[in-house]
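J.: OK, TrEMBL features for this one:
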DOMAIN    184-211  domain '4Fe-4S ferredoxin-type'
DOMAIN    212-239  domain '4Fe-4S ferredoxin-type'
Amino acid sequence: MCPGCPHRGMLWALKRNKCFIAGDIGCYTLGFLPPLSAIDTCLCMGAGINHAHGMATVFGPGKEKIAAVIGDSTFYHSGITGLLNLAYNKGAALIVILDNSTTAMTGSQDHPGTGITVRGERTVNLDLENLVRALGIEWVRTVDPYDVKQARKDVKEALAFEGPSVIISKAPCVLLKSRKVPGRALTVDADVCTGCKVCIGLGCPAIEFRDEKAHINETCVGCGVCADLCAPGAIGGEK
């Protein structure tokens, strides 16, 4: 995934909650790669929600923490019916909709959540949270994936809910022309860095490890996720 990708922080929050994570088709599928290693299954578009529903049904209430991730574009394409089925049949799983306001993997096309038609004309802009509630989901929360510590708490709460829950992880794709760069590239204070490799675990291409220290290269966009997770406080700069 790209440096500064908003999906990275949410996948980290899910992984830290030690839950089974069903994947889907999109850029976030790359989250299965080490060192992040956050995706357990991936079959086809829309399958992630159904995988999670099936796993939760097999294990039973309270036995395993089950989650699924699906992009906003994939959700509009083939995830709505799966979520409706999950809600109607009282499946106890967390569904995380990774809303980056585009169809990033195939060229940043618009979709029903962007308010732009295929001809580039303005149209109705669907409210994703209202749509999820209309499908019968009671526990719904929109979160900022760059605030990884809060996201981790939200995931923990959602997984503990006795019933289907949905987190909308909302932040625009870093490749969108309309998006403002989060901040300046961050830097690592080599004298403070302990070489713990927590930042390396994010799988960000901007973070390198050499000479027993973390280093940040020129591809950094300053999202600040690594800085938030750096216990020694070695990563700094304008966030």
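Placed from the backbone N, Cα and C atoms, the Cβ positions cover glycine too.
Note: TrEMBL annotation is automatic and uncurated.
For the listed features, I'd like the structural context: burial, neighbours, distances.
T.: Cβ atoms under 8 Å from those of the domain '4Fe-4S ferredoxin-type' (184-211) belong to residues 1-4, 8, 12, 31, 33-36, 217-222, 224-227, 229-239 of the same chain, restricted to positions at least 6 beyond its ends.
Counting only same-chain residues 6+ beyond the ends of the domain '4Fe-4S ferredoxin-type' (212-239), those with a CB under 8 A from a CB of the stretch are 3-4, 6, 8-9, 12, 146-149, 174, 181-190, 192-200, 202, 204-206.
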J.: Mind checking how the domain '4Fe-4S ferredoxin-type' (212-239) divides into helix, strand and coil residues in DSSP?
T.: 5 helix, 6 strand, 17 coil
